[in-house]
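Student: Take a look at the following structure, please.
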């Protein structure tokens, strides 16, 4: 009897223990469950594991991380998110950073992050090769690629309606495009913010820019969360025209979307400087710096074109993809990354309140 | 005092257990909710104010999202309940073939990933849709928006209403209806004056359940909502997209308030009534409708609905083999290659975390059910309310609460697996508690009393008397936890990290990027995992059952 009583007590205790480990271990210790190999609490080991937040397309990200590990022997975890999402996550984790490197996505978001003290400056020796307008003088971020904005139109749609592909921002206001245009939501997508800022510049003033955006709003069928989504939607014929980066349009074309036609706004287009930066208070600073060096090197920059990324590269020694739309061939606006970044939140709030009511 | 001491001596583990359970609930449910409530009053610069609520209620975009959500929820709940009622009625009153099929169809959406139907809706009814473009030749079909959402949510949620209603309709005593018919009332009159009024509580119950589900739904609005913004999606965009935690939290509070009001309505208005007709002892078999227009009409309706559901489900695996839907319809394995090279980690992470969460949720559910039904202790009512609260809290709200609560020491859990497991457990436990409570209420306490009187300790009674008796409830709780964890989306979308990415988040990202083929491949794999898991759990139940009988 006594034995049995003990046994049942033990059973119950085990269950209580299971509860405690499964659920109650919130009590302070930070141990990850035993099932995962990527332990985070091993500061004694110098060869840590990098965590990277990636702001460009997933297949490119996976290939890049793999190549990085091959080239350097350093292991890395990554997750792909949109530019806005990364900024939000880095902000949220400010007190307890969960990632070491922020890799890709428009520099505007990096500028905002710099202003908020979320980045750790590092000037890579390779950064001196990068044109000054593609990097932060204090080394908070460095450009890795550059790509212009464009319009993607569905050829069938154009043919059916007897339209030409839009060549200027004004063209998008053509009533024939009503409900046919897709772009991302500037609040969540760096691409869409680049477009919005570009419009303000092209129209000449913030006031005129917002006037234009208000006129554009009824033309929009949908604001997507991610910046490249409009290309797919137009490619699939879900929408007539999309606003997105030219390199994403080319990527879709290469993937088989023959229906896509790419035009670059002649009255001026903006471009993104895809950047890289180190997140403040990283626990792996040395490795993070190695990652930045690698990402700026020709080896790191040329990964993109192997998986169908068609941006221009910032390292003059790197050979960019042939199909890329060269900035020198088009009418680019004077894109002030610093201003764009500083004004980002205000302009997005204004847009949300006044345009996308 | 001595009585308490005696109780403590007899059940030394009970207080520990209660404290542990309470602690878990406080940390993982109450504390995050408290954090949301707090943040909704605090701006980004730390000032206290009602700005967040002003933004929500001032008639701007957030207010529209709220109205949109309510409109969508009313439409979806109405349609779902109506369809579910026809199904349930056919089940209980009509002799039709293929009942097993109908039953299976009605349960299918419960075990599927959240936006399988949304994906299919695009493939079937989008601009390149099989039906819209190829069959009907429509040029401008637009599936994005309110109508798409109503369609998708109705197909996804009517099974929930069906499960509620079929139990009720079957348990309505046939004697009342027979009496009515014997007195010369027509079948229609009988239906309108007896059956329908008796099922009103069930209808209200089903309506409210779907209403709340629709309100909290995240995956469908994200995939197919277009510009029809809803609260759950807007919370995500506010909190993650713009990092406006105050507005996000305020919106979450409003959503939570609406949901809780609905649950209170359900409890006060429906909860008490719903047992009225069920208490009577069964009085013989119901005479089924075996012929006539009613039968054929109902059968046709159920058949069409079932075929529609089948079509929606069949399309996802098909879509996963098609290169570029509507553009290049050649077959390919590319999407699976993509998933197995790039998405492998997400699948593995999800599976691991779900496997960890499942027994915890199952066990915790049973323990809480046991405490609620059988034990008397200080704070019991609170425990009951809190544990059930998590069913009323929309996933998006839990998610944002977890970001707020577990970001900093002492509970710095962001990016750990624990936080995701906790979310899984909290989200799936209430169903286990409910089935546990139901099972325990059917067991006469005298059995346990007998054991106790014979000198068994509390834990002994639990393990050797209660546990075997509630085994089936326990296993259905396990199944539910696993399925819910594998397909969880709204809460965990806030919690994924580089260390733990989840399959549903990957699917959403693919849908966002427009890679319908890859998203379909993910969904197909997810469904396969679910089927295998269900078979395994069933075998386990059988095996346990067999062992018990032989012992």
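Quick reminder: no glycine exception, Cβ is built from N, Cα and C everywhere.
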Student: Among the residue ranges B:45-69, B:70-94, I'd like the one that TrEMBL describes as transmembrane segment.
Tutor: B:70-94
Student: So, do the transmembrane segment (B:385-403) and the transmembrane segment (B:144-169) meet, by the test of 3 or more Cβ pairs under 8 Å (sequence gap 6 or more)?
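Tutor: No, these stretches are not in contact.
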Student: Between the transmembrane segment (B:70-94) and the stretches B:12-34, B:144-169, B:190-212, B:245-265, B:516-541, work out which stretch tops the count of Cβ pairs under 8 Å.
Tutor: B:144-169
Student: Excluding the flanking five residues on each side, which residues at least 6 beyond the ends of the transmembrane segment (B:516-541) place their CB within less than 8 Å of a CB in that stretch?
Tutor: 111-113, 115-116, 119, 122-123, 316-325, 332, 334-336, 338-339, 343, 347, 351, 471-472, 475, 478-479, 482-483, 486-487, 503, 506-507, 510
Student: With contact taken as 3 or more Cβ pairs under 8 angstroms (pairs 6 or more apart in sequence), are the transmembrane segment (B:296-316) and the transmembrane segment (B:12-34) in contact?
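Tutor: Between the transmembrane segment (B:296-316) and the transmembrane segment (B:12-34), contact is absent.
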Student: For the transmembrane segment (B:101-124), find every same-chain residue at least 6 residues outside the stretch whose CB is under 8 Å from a CB in it, and list them.
Tutor: 84, 87, 90-91, 130-132, 143, 148, 151-152, 155-160, 162-163, 217-220, 222-224, 302, 305-306, 309-313, 315-316, 319, 325, 483, 486-487, 489, 503-504, 507-508, 511, 516, 519-520, 522-523, 526-527, 530, 534
